[in-house]
Amino acid sequence: MDIYGLIGNPVGHSLSPPMHEAGYEALGLDARYVTFEPPKDGAATAVEGAADLGVAGLNVTIPFKQDVLAAVDPDPLARRIGAVNTVDFSGERPTGHNTDAVGATRALRAHDVDLSGTAVVVGAGGAGRAVAFGLADEGMAVRIANRTQSKANALAADVRGDGRESGEASADATGHGLDAVPELLADADVLVNATSVGMESEETPVPADALHGDLGVLDAVYRPLETRLLRDAAAAGATTVDGAWMLLYQGVAAFERWTGREAPVDAMDEALRGRL
Ligand code: ATR
C-alpha cells in the first residue's frame, strides 16, 4: 500500500484526505492519505521521517511551506516561489514542487479562460505569490495589487526576476495598491482574488462597477463558494471560477505527480464539493 499525506499545524479538518482517497478509489489504487501535525519548527524532521518511513508523497500546508524548501530538492518554480506544497519521495532525494501555482492556472483553463494578455492578482501573501508566478509562467502580464503596496512591489520584482543573469527570460510584472484595481481591470483579461477578503463575509476586494464581461474571475476563497466577488462578476457577465476549483487542481497536480496517472478529476471534485 502507498501512503500519502499532509503536514500542517494545525492540520484541522483538511479536505485533502477525502479528495485524494476518492481518486485512489476511482482508479482502484491501493493507497491511503493521512494527515500529520508536526511541531511548528519540525518541517525538516517531518520530511526526513516520512522518507525513512517509506511515505510516497506529502502535501505541505501552513506553516511549513517555506521551511520544507531546505529539506528537499525544489524544482525551479518552487524555488522561485519560495514555497513547497508537494513533496515527492520517489527519487533518491525528496523533491519539492508548488502545485498551488498550477492549481490556479488549471482551474481557469478548465473554464475556457484564455491565459494570455493581462492578469490582475489581488493579494501578495502566500496564495498571491503562487498565483502570480503561475500566471506569469503562462506568459501573462501580471499586475499585483495589495493593501500593503510594498509587498506587491516586492512580489512583482521577484516575478520579474530582478537581479537575474542578463539573457534570462523576464516576466512583465508590476506592483500596485488596492486603489489602482479599477483602472488595472479596465484592460485586464483575468482577475484573481488571493486575499482572505470575502472569507465567511460579504466583503469584496474589488468594487462591482470595475468588473466587466471580458474577465475570467477566480476567487481563491472557498468558504463560501459563492462569494460576493463572484456574484458581482457573474452579474457583469464575467466567467467565474470558485475557490474549490483551485483547491481541486492543486490536488490533481499532486496526485498526478505521485501516481503517474491521469487524475479522475470528476471523482475528486465530487468528494471535495460534497464537503464544502
Ligand atoms: P495566504 O497564505 O492565504 O495568502 P497571507 O499570506 O496571510 O495568507 O496573505 C493574506 C493576504 O490577504 C495579503 O495579501 C493581505 O494583505 P496585506 O499584505 O496588506 O496584509 C490580504 N488581506 C487580508 N485581509 C485584508 C483586508 N481586510 N483587506 C485587504 N487585503 C487583506
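Glycine residues also receive a Cβ, built from the backbone N, Cα and C atoms like all the rest.
Annotated active site, proton acceptor per TrEMBL: Lys65, in sequence order. Listed in sequence order, Ala83, Val84, Asn85, Gly126 are the same-chain residues six or more apart from Lys65 (active site, proton acceptor) with CB atoms under 8 A from its CB.
Every protein chain considered, the tally of other Cβ atoms within 10 Å of the Cβ of Asp100 (shikimate binding site) stands at 29. DSSP assigns Asp100 (shikimate binding site) to a helix. As annotated by TrEMBL, shikimate binding site applies to Ser14, Leu15, Ser16, Thr61, Asn85, Asp100, Tyr222, Gln250.
All protein chains shown were included, and the count of other CB atoms within 10 Å of the CB of Gly125 (NADP(+) binding site) stands at 14. Among the features that TrEMBL reports, NADP(+) binding site is placed at Gly123, Ala124, Gly125, Gly126, Ala127, Asn146, Arg147, Thr148, Gln149, Ser150, Lys151, Ala220, Gly243.
Mapped onto DSSP classes, the domain 'Shikimate dehydrogenase substrate binding N-terminal' (6-87) shows 34 helix, 16 strand, 32 coil. If you look up TrEMBL, you'll see 6-87 marked as domain 'Shikimate dehydrogenase substrate binding N-terminal'.
Among the features that TrEMBL reports, domain 'Quinate/shikimate 5-dehydrogenase/glutamyl-tRNA reductase' is placed at 118-196. Secondary structure counts, DSSP: the domain 'Quinate/shikimate 5-dehydrogenase/glutamyl-tRNA reductase' (118-196) has 33 helix, 20 strand, 26 coil.
Note on the domain 'SDH C-terminal' (243-273): its mean pLDDT in the predicted model is 98. Marked as domain 'SDH C-terminal' by TrEMBL: 243-273.
Residue counts for the domain 'SDH C-terminal' (243-273) under DSSP (helix as H, G, I; strand as E, B; rest coil) come to 26 helix, 0 strand, 5 coil. Apart from the site residues Ser14, Leu15, Ser16, Thr61, Asn85, Asp100, Tyr222, Gln250, the chain places the Cβ of Leu6, Asn59, Leu247, Gly251 no farther than 8 Å from the centroid of the site's Cβ atoms, the recorded shikimate location. Counting other CB atoms no more than 10 Å from each candidate's CB, the binding-site residues Ser16, Asn85 peak at Asn85. Note: the CA-CA distance between Arg147 (NADP(+) binding site) and Ser14 (shikimate binding site) rounds to 28 Å. Tyr222 (shikimate binding site) falls within neither a helix nor a strand when secondary structure is assigned with DSSP, and so counts as coil. Nearest in space to Gln149 (NADP(+) binding site), taking C-alpha to C-alpha distance over the binding-site residues Ser14, Ser16, Thr61, Asp100, Tyr222, is Asp100.
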